[in-house]
Amino acid sequence: MPDSPTESYGPDREYHVFISLFLCRNTSGKFLSVGPATPGWSINNTVVKENYYTEKLSCIITFNTLNFLTATISVVGTAGNATVLRLLGFHMHRYAFSVYVFNLAGADFLYLCTQTVYSLECVLQFDNSYFYFLLTILMFAYLAALCMIPAISTERCLSVTWPIWYHCQRPRHTSATVCALFWAFSLLLRLLLGQGCGFLFGKYDYYFCRYCSFITTAFLIVLFVVPFVSSLAMLTKIICGSHRIPVTRFYVTIAVTVLVFTFFGLPVGIISLLLPRIVVFRGVFYIYKIVTFLYSVNCCANPIIYFLIGSIRHHRLQRQSLKLLLQRAMQDTPEEEGGVKGPSQKSNELEIV
């Protein structure tokens, strides 16, 4: 919001307001506070003073509450994703889809760790120079995680649509190579955007920042569309295909993950794309904090989805080790009576990619 009613929003002004949304500061560079302050415009303060401080106190309480909730859910999600990383990295054989899940858990873990520090610093108002660095890591981790979900959906769709090609002609180490490229591209895109928009070491360049934002927008739109197209194609193949394809646990895991991401993960990306255009509107800061909290919920929900789907057996919840639950959640063959694996499950688990 402008400091005065007559203040215009040129490129520089827009940039400073845009930055203030991320740094928990007002447009003058100071932290939001409930200390003694007066409105920046000339008006009869005796009339508006009480309403001004009441509104300001309400905003600060809401602000701190959202940050505290985000930090809390981030701590829980960090533990869950750390468990998935430990199991997939040290206790289970790696195969095509487990590599994607491992990298998705890594991106979520990085995001949640950084978000915990970021939210606590906003609440406790630590005045340090690490906010730009934290913001860069947050967006980098979000982009990386955003890449993994379309990759999982696309590869699953390929395995259903062209099973012979997938099992016979698919290059080895495809999953690891794709994940490495996604990490590298996400880092490069984030560094370019951060450098041009003044988040890193360079000065703010309005036109270069707009150019990088346009590239990021196009990239995110592609990532938003791919999971839905892949899931729709896979669902069509399962329902309308000439050969009946059984629904496995991994189908359910993918479907639930994409569904949760749609409601909890997409909003923060959409709002981030719209921020430069809606930054002048009142209340946009709290919208951004809410969608940030929702994405933290999404990152926290992924391990819960894996373990919950793995624990359901014959329509009943069963208590088993976390390793077994995670293996069941990624089981890509129909479950047989007595819990015996299908003939292709063992070969899939031994496929190192």
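One is the number of the first residue shown, and numbering goes on along the chain from there.
Positions of Cβ are set from backbone N, Cα and C atoms, glycine also.
Here's what Swiss-Prot has on this protein:
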type	residues	note
CARBOHYD	Asn26	N-linked glycosylation site
CARBOHYD	Asn44	N-linked glycosylation site
REGION	333-353	region 'Disordered'
TOPO_DOM	1-67	topological domain 'Extracellular'
TOPO_DOM	91-96	topological domain 'Cytoplasmic'
TOPO_DOM	118-131	topological domain 'Extracellular'
TOPO_DOM	153-180	topological domain 'Cytoplasmic'
TOPO_DOM	202-213	topological domain 'Extracellular'
TOPO_DOM	235-253	topological domain 'Cytoplasmic'
TOPO_DOM	275-289	topological domain 'Extracellular'
TOPO_DOM	311-353	topological domain 'Cytoplasmic'
TRANSMEM	68-90	transmembrane segment
TRANSMEM	97-117	transmembrane segment
TRANSMEM	132-152	transmembrane segment
TRANSMEM	181-201	transmembrane segment
TRANSMEM	214-234	transmembrane segment
TRANSMEM	254-274	transmembrane segment
TRANSMEM	290-310	transmembrane segment
Who are the long-range neighbours of the transmembrane segment (97-117) in its own chain, taking Cβ under 8 Å and residues 6 or more past its ends?
70-71, 74-75, 77-78, 81-82, 84-85, 88-89, 134, 137-138, 140-142, 144-145, 148-149, 151-152, 155-156, 175-176, 179, 182-183, 250, 292, 295-296, 299-300, 302-303, 306, 330, 332, 353
By DSSP, what is the split of the topological domain 'Cytoplasmic' (91-96) into helix, strand and coil residues?
2 helix, 0 strand, 4 coil
Sort out for me which stretch, of 68-90, 132-152, 181-201, 254-274, has the most Cβ pairs below 8 angstroms to the transmembrane segment (214-234).
254-274
Contact between the transmembrane segment (254-274) and the transmembrane segment (68-90) (at least 3 Cβ pairs under 8 Å, separation 6+):
no
DSSP helix, strand and coil counts for the topological domain 'Extracellular' (202-213)?
8 helix, 0 strand, 4 coil
